Amino acid sequence: MVTATHPHSLGKLSRIRHLARQYAALTKPRVTQLAVFCAIIGMFLATPGMVPWRVLIGGAAGIWLLAGAAFAINCLVEQKIDALMRRTAWRPSATGEITTPQTLVFSAILGGAGMWLLHVYANDLTMWLTFATFLGYAVVYTILLKPATPQNIVIGGLSGAMPPALGWAAVAGEVPAEAWFLVLIIFTWTPPHFWALALYRRADYAKSGLPMLPVTHGERYTLLHILLYTLIMIAATLLPFVYGMSGYIYLAAALALGAGFLAYAWKMYRNYSDELAQRAFRFSILYLSLLFAALLVDHYFKFVPQV
């Protein structure tokens, strides 16, 4: 026997799904996924064995929720700016579909739940470090730095670079030098990654009034800085090998991926096009994902030739 579903019920279910997608959009899911992925890699690198399941799941979920809370505040603060930019005008905070009070409550729920998960399933060090990262992104970067200086992404990049240290702390209860190497890699990766986006979206940023480097200093200056920061980033990626934290599997991956990144930076510097900048931006995301995956593979299958 087939039971008919009332049209009103279908409409209500559809609205709930739509609203859930809108709230999820406030957390910038793709950015959050990459951050949590790096945090999980940090967890595995902190131990020679397997990460305890409660720490892996509870810790990752807590970091995910606090990251989402920070991004929701970012969307709230920048709702008027987002409405001016084609890339972000669709966001529910920019369209007004989700109101300011609703966004604040949503962020508070995510943040509170994330803090609780980290307290219960990880440790207080991770909880407070993640909360500090939340403040660093939502307040220091979004409110203070981003509208004030073209070096916003450099100075404020530390909060976005913290996930590996958060993951490491969740397992080990400390943040040793090895964890800070991972933070440094993401910290130096962030400017060339973001400036590639800002270059091919510079008309949007000019309209928004935000002092992004391509808008304030021009294309050529930005391209030079992308090239320089790419070289600094490649040097930073060698630290895990130099320190003895990683072996030749990671070194080979770091050099190969770094060569690819440098090729994009050099091509843009020599013969810029928006299409090339867009490809470089996409590659930068793949680059970081593969680099951290190589760290994980090397951690469990380290190859160091005998002398």
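Backbone N, Cα and C define each Cβ position, glycine as well.
Among the features that Swiss-Prot reports, transmembrane segment is placed at 31-51 (among others), with the record citing sequence analysis. Proximity of distant same-chain residues to the transmembrane segment (31-51), defined by a Cβ-Cβ separation under 8 Å and at least 6 residues beyond the stretch ends, is recorded for 59-60, 63-64, 67-68, 71, 160, 163-168, 170-172, 178-179, 182, 186, 245, 285, 288-289, 292-293, 295-296, 299.
Under 8 Å from some Cβ of the transmembrane segment (55-75) lie the Cβ atoms of residues 26-28, 31-32, 35-36, 39-40, 43, 82, 91-94, 103, 106-108, 110-111, 113-118, 120-122, 126-127, 130-131, 133-134, 137-138, 142, 159, 163, 166-167, 170-171, all in the same chain and six or more residues away from its ends. Per Swiss-Prot, transmembrane segment is recorded for 55-75 (among others).
Summarising the annotation, Swiss-Prot assigns transmembrane segment to 103-123 (among others).
Among the features that Swiss-Prot reports, transmembrane segment is placed at 125-145 (among others).
Annotation comment: Swiss-Prot describes 153-173 (among others) as transmembrane segment, evidence class sequence analysis.
The annotation transmembrane segment is assigned in Swiss-Prot to 179-199 (among others) on the grounds of sequence analysis.
Cβ atoms under 8 Å from those of the transmembrane segment (223-243) belong to residues 177-178, 181-182, 184-185, 187-189, 191-192, 195-196, 199, 213, 250-251, 254, 257-258, 261-262, 265-266, 268-269, 272, 291, 295 of the same chain, restricted to positions at least 6 beyond its ends. The transmembrane segment annotation in Swiss-Prot covers 223-243 (among others).
Among the features that Swiss-Prot reports, transmembrane segment is placed at 246-266 (among others), with the record citing sequence analysis. Residues 192, 196, 223, 226-227, 230-231, 233-234, 237-238, 240, 276, 279-280, 283-284, 287, 290-291, 294-295, 297-299, 301-305 of the same chain lie 6 or more positions beyond the ends of the transmembrane segment (246-266) yet place their CB under 8 Å from a CB of it.
If you look up Swiss-Prot, you'll see 285-305 (among others) marked as transmembrane segment.
Sequence-distant contacts of the transmembrane segment (103-123) (same chain, six or more residues past either end, CB-CB distance under 8 Å): 23, 26-27, 54-55, 57-59, 61-66, 68-70, 72-73, 75-76, 93, 130-131, 134, 169-170, 173.
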